[in-house]
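Remarks on the structure that follows.
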Amino acid sequence: MFLTISFFIFSLLSLSHASVVDFCVADYNAPNGPAGYSCKTPKKVTADDFVFHGLATSGNTTNIIKAAVTPAFDAQFPGVNGLGISIARLDLAAAGFIPLHTHPGASEVLVVIQGTILAGFVSSADVVYIKTLNKGDVMVFPQGLVHFQINSGRSNALAFVSFSSANPGLQILDFALFKSDFPTELITATTFLDADLVKKLKGVLGGSG
Ligand SMILES: *[C@@H]1O[C@H](CO)[C@@H](O)[C@H](O)[C@H]1NC(C)=O
């Protein structure tokens, strides 16, 4: 009896540490900060704030990576603000790929809906984990680690990826180096790449410097 009562009181105390609001739908008219958007006045929140229609159609894969990521992060989907979750749609045309990248703010879980995807990540210990994923397969990518996805089938591939943050962040390694104005002499000084290769890749991706 004492244990039961103790547990009950403990449960109440634990609950008292939970968030005091049910949700914090993004108010796009107020400033955004590191913790996300300000909360929309609950009276103005409607069911539509918790529903996102943008993942129903495929993204435009006519681009250099033959792939498209359609995000439903806090900036697009007001209902996920403050919940620590988000989702995106991944379309990969034949030979499409998502270049080596990291999400500084979130772990990721990917589920293949159609096609075959070769995916992998590299750990902090420089161990590489690679797997071919088929329809229905799920793979996780731990927070902050560089990872990639490649369409390894002959037809289009479709996957949905969800994140442990409403704003997972995205940094693409090749874009940071070769799509930016990072001076070539500093890239060669801070990597093992030679200047000719750096300039060639900047030409391909549109970087300068
Ligand atoms: C897809 O993107 C390409 C390149 O930006 C563009 O030319 C094309 O019109 C787009 N297609 C659609 C259906 O929006």
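Using the three backbone atoms N, Cα and C, a Cβ is placed for every residue, glycine included.
Since we're looking at a predicted model, the values are computed, not measured.
Under the heading signal peptide, TrEMBL lists 1-18.
Residues or ranges marked as disulfide bond in TrEMBL: CYS24-CYS39. For the recorded site, CYS39 (disulfide bond), the DSSP three-state label reads strand. For CYS39 (disulfide bond), other Cβ atoms within 10 Å of its Cβ number 17.
Marked as domain 'Cupin type-1' by TrEMBL: 53-199. Within the domain 'Cupin type-1' (53-199), the DSSP-based counts of helix, strand and coil residues read 21 helix, 56 strand, 70 coil.
Other Cβ atoms within 10 Å of the Cβ of HIS103 (Mn(2+) binding site), summed over all protein chains shown, number 23. Residues or ranges marked as Mn(2+) binding site by TrEMBL: HIS101, HIS103, GLU108, HIS147.
Sequence annotations record features per position, and here TrEMBL assigns oxalate binding site to HIS103, GLU108.
Take the mean position of the Cβ atoms of HIS101, HIS103, GLU108, HIS147, the recorded Mn(2+) site; other residues of that chain with a Cβ within 8 Å of it are THR102, PHE121, PHE141, LEU145, VAL146, PRO168, LEU170.
HIS101 (Mn(2+) binding site) sits 29 Å from CYS24 (disulfide bond), taking the C-alpha atoms as the reference points. Around HIS147 (Mn(2+) binding site), the same-chain residues six or more apart in sequence whose CB sits under 8 Å from its CB are LEU100, HIS101, THR102, GLU108, ALA119, GLY120, PHE121, VAL122, PHE141, listed in sequence order.
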